[in-house]
Amino acid sequence: MESPQLCLVLLVLGFSSGGVSATPVLEARPQVSCSLEGVEIKGGSFQLLQGGQALEYLCPSGFYPYPVQTRTCRSTGSWSDLQTRDQKIVQKAECRAIRCPRPQDFENGEFWPRSPFYNLSDQISFQCYDGYVLRGSANRTCQENGRWDGQTAICDDGAGYCPNPGIPIGTRKVGSQYRLEDIVTYHCSRGLVLRGSQKRKCQEGGSWSGTEPSCQDSFMYDSPQEVAEAFLSSLTETIEGADAEDGHSPGEQQKRKIVLDPSGSMNIYLVLDGSDSIGSSNFTGAKRCLTNLIEKVASYGVRPRYGLLTYATVPKVLVRVSDERSSDADWVTEKLNQISYEDHKLKSGTNTKRALQAVYSMMSWAGDAPPEGWNRTRHVIIIMTDGLHNMGGNPVTVIQDIRALLDIGRDPKNPREDYLDVYVFGVGPLVDSVNINALASKKDNEHHVFKVKDMEDLENVFYQMIDETKSLSLCGMVWEHKKGNDYHKQPWQAKISVTRPLKGHETCMGAVVSEYFVLTAAHCFMVDDQKHSIKVSVGGQRRDLEIEEVLFHPKYNINGKKAEGIPEFYDYDVALVKLKNKLKYGQTLRPICLPCTEGTTRALRLPQTATCKQHKEQLLPVKDVKALFVSEQGKSLTRKEVYIKNGDKKASCERDATKAQGYEKVKDASEVVTPRFLCTGGVDPYADPNTCKGDSGGPLIVHKRSRFIQVGVISWGVVDVCRDQRRQQLVPSYARDFHINLFQVLPWLKDKLKDEDLGFL
C-alpha cells in the first residue's frame, strides 16, 4: 500500500498594522486626508491606521467602543458614520462597559438569574427538568472579553438519533427534531456576526455536521492561550494520525524520528503574503510565527517536505517540495529568514485568490487520472488574514474548487471531511469576520477560525505552541498498514495466564496502560496465587513476562454478598498487574488511552484545559454508545462491535442481570449491578456479540478520532455463549455483558499509576 500523505498548507495572508478598509480598494487608490476634529471618544483614545486612512478606538480593560470600533476615511474627506446596530447615527463615540449576551432560549430546563444583560463577573446557572441530563457547564461566568466561560449547557434525554446540539448563549435556534438528516439553523441578533456553522445536519453515526456557532461582537478577540490550545490540539492530532496511517511507530513524542521515503508522507506548504498592506514589521513577525511552527512540527520527530512561496500580485516560489533538502527543517528555516519584504515592491497588490490557486495547482496532478493513493492525502490550509482582498475575486471559490478536487463533501456516507482542514487567523481590528468564517472549515467540537488583536498576540500564539514542555506517550494509536498483524492493530492487548497446582490453567485478557502496568479484572486471580504462577504476554511475543505484584481495588470482594444468597459479587472488579521489568514500546506494543489523562485530551482534540467531565461527555454520552472489545479466536485477535446502553435502554439491559445462573435469588438488578457497571449485549438496537470467559479483564473500548480509548474492563456475563467452542449459537436476547466503568474507579487508578507520567486530570 502506498503511504498516505499529509499536505499542510500554510497560507499567511494580508495583515496590516490595522487591516484594510471595510470595502475592497483599488491597488492605486489615491490617498485622501480626513480631519481629526471631533473624532475623539469619551472615556478612551484613538490611533490612526494605514497612514491616516483608518482609525481605531481604544478603551480601558472591561470597556468597548460604542457604536463602532473602527472608522475609515472616505473619498469625500469625511470619516465613516458612527452608526449603531439599529442603523441610527450618534454624534460622539464613547467607551461603554462590556456585558455578556443573555440566553435567547434554553430547552428542557431553566436558568437563573434572568436579566436583560449580564455584567463582568456575573454568574448564570442552568438546571434540567426531570428525565433530562445536563451536558456542558452548569455554572458560567461573564468574562472580561464579553464571553461566557465554560461550555454550552444542554439538557438532553438521549432520545434523538443525534444528541441535542444546544443553543449557545446569544444565539437563536430553529429546529427541535434530531432525527437522521434533520437540520437546525442558528441566528444572531442584529449587529452580531455568526462564527461557526449557521446550519447543522444530523449525520450517519449520530454526529452533527459543522461546528457549534457563536455570536461575536466586533470588539471580541480570542486570547493567545485560547487560540494556541484549540489550534494545537487539532493540528497535532492531524500529524499523529498521518503517522499512524503511514505505518510508522512514532514512539514517545519527543523521541520519535521518522525517515520518510523520497515521495514523502507529509508535505507542508508555507505561503507568505508580501503585499503592500502588510508593512515591514508585520512581515517580519509573520516569518517568526512560521519559524516557530516549523520548530513545533520538528518536535514531533517527523521530517516533512516543505514548499515555501511569497505572493502579492503574483506568487514567487522559493522552496519546492521536490528540492533535495526540502525535508531539512533547518535549511527551510534559513530560506524563510532570507525572504525580503522588498521582493514584491513593484507589484504589491493583495491577490488572495491567486495565492490559493497556486495552492490548488500544487495539490493537482497532471493528466486525467489521479495518482495512486491521492484519496489518502490529508490537507491542512492555514490562513492568516484580515479577510479582505483588493484584486482577483473571491478566494472562497478556490476553497470550493479544492474541496471538489479532493472529493470532499460529495458523498454523504463518506464525506471525507478529515482530509481537509482550513484554519483562518484574522489579525487586527478591521478583520472581516464574515469572510474569514466563510473560508474556515466547520467541524464538530473543533475551532478553525480565530480572531486575534494584533501581530504581537499572533506571535504569542505560536510561541505558546512551541513552549509546550510536557512529553506524553501517544496512547491508543494503531498502525493499520498492509503488513500489520493483529498486534499492530491491537498493540495494547495483553494475555494473562495463571497456573494453579491441581486446579488447572486460567486465561484472561488485559490492556497495557503504561510501561509497567497492565489493567485487567480482579476475578482473574485468587488470593493464594503465587507471583511465579502468573505470566503476562504482550505484543504477540512468545516470551512471558514476570510480574512484580497484583494490585486489587480495595473494595473488591467477590464473596461480599454470599450471606444474601449471591455467590459471586463483581463490584469493583479491577486489578493492575505490575511488571517486573519496563516494557519497550514498538509497533506491536503501545498503551491504550485511559480517560481523564492528558494523552486522551489530545486524542479527543480537546483544549489542554479540558476536564474529566468533558471526557465523559465525549466518550459516554447519554445514548447508545458504539464500542468494541477484542476477543481471541484460535490464535487470532478479532474486534467485536457492541453498543453500551447508556441512554433509554440502560435500565432494561441491567434488569436482565437477574437471569444469570446463580442469581436466582436476586430480586432487583441493583443488588448485583452497581453504578460501577456498563452494560452491553442484547438485540436492540443491534444484535451485539457477547464476550467469552477468556475475554475477561480485556478492555471495553471507544474508537474516536482514529484513537482507541478504554472506558471499561470486561467483568461478567449473563449467559456463557461460548460453551463447547460454539460461539454465538442460539443466543437469547437477555444475553448481556457487564464491564467496570473506568470513570467510576479513577481515584484508585490515579493513585496506583501516579508515577507512570500519564498526566491524570
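The backbone N, Cα and C atoms fix where each Cβ goes, glycine too.
Per Swiss-Prot, the features are:
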- 1-22: signal peptide (SIGNAL)
- 32-97: domain 'Sushi 1' (DOMAIN)
- C34-C73: disulfide bond (DISULFID)
- C59-C95: disulfide bond (DISULFID)
- 98-157: domain 'Sushi 2' (DOMAIN)
- C100-C142: disulfide bond (DISULFID)
- N119: N-linked glycosylation site (CARBOHYD)
- C128-C155: disulfide bond (DISULFID)
- N139: N-linked glycosylation site (CARBOHYD)
- C162-C202: disulfide bond (DISULFID)
- C188-C215: disulfide bond (DISULFID)
- S275, S277, T350: Mg(2+) binding site (BINDING)
- N282: N-linked glycosylation site (CARBOHYD)
- N375: N-linked glycosylation site (CARBOHYD)
- C475-C593: disulfide bond (DISULFID)
- C508-C524: disulfide bond (DISULFID)
- C596-C612: disulfide bond (DISULFID)
- C653-C679: disulfide bond (DISULFID)
- C692-C722: disulfide bond (DISULFID)
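A map of Swiss-Prot features onto the structure.
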residue: C73; record: disulfide bond; Cβ neighbours (10 Å): 23
residue: C95; record: disulfide bond; Cβ neighbours (10 Å): 19
residue: N119; record: N-linked glycosylation site; Cβ neighbours (10 Å): 12
residue: C202; record: disulfide bond; Cβ neighbours (10 Å): 23
residue: T350; record: Mg(2+) binding site; Cβ neighbours (10 Å): 30
residue: N375; record: N-linked glycosylation site; Cβ neighbours (10 Å): 12
residue: C508; record: disulfide bond; Cβ neighbours (10 Å): 24
residue: C593; record: disulfide bond; Cβ neighbours (10 Å): 32
residue: C653; record: disulfide bond; Cβ neighbours (10 Å): 28
residue: C722; record: disulfide bond; Cβ neighbours (10 Å): 19
Other C-beta atoms that fall within 10 angstroms of the C-beta of C215 (disulfide bond): 22
Residues satisfying Cβ distance under 8 Å from C155 (disulfide bond), sequence separation of at least 6: F106, E107, N108, G109, F126, C128, Y129, Y132, V133, L134, R135, N164
Using Cα positions only, nearest of the recorded positions to C73 (disulfide bond) (C95, C100, N119, N139): C95
Helix, strand or coil at C188 (disulfide bond) [DSSP, three-state]: strand
Reduced DSSP assignment, C524 (disulfide bond): helix
Position of peak Cβ density within 10 Å, selected from the disulfide-bonded residues C162, C188, C612, C679: C679
Number of Cβ atoms other than its own within 10 Å, given for N282 (N-linked glycosylation site): 21
Local backbone state of C612 (disulfide bond), from DSSP in three classes: helix
C34 (disulfide bond): tally of other CB atoms within 10 A of its CB: 20
Secondary structure of C596 (disulfide bond) (DSSP, helix/strand/coil): coil
Cα proximity to C34 (disulfide bond), best match among recorded positions C188, C215, N282, C475, C692: N282
Spatial separation of C612 (disulfide bond) from N375 (N-linked glycosylation site) - C-alpha basis, Å: 36
C162, C215, C596, C653, C679 filtered to the disulfide-bonded residues whose C-alpha is within 10 Å of C100 (disulfide bond): none
Where C155 (disulfide bond) sits in the secondary structure, as DSSP reduces it to three classes: strand
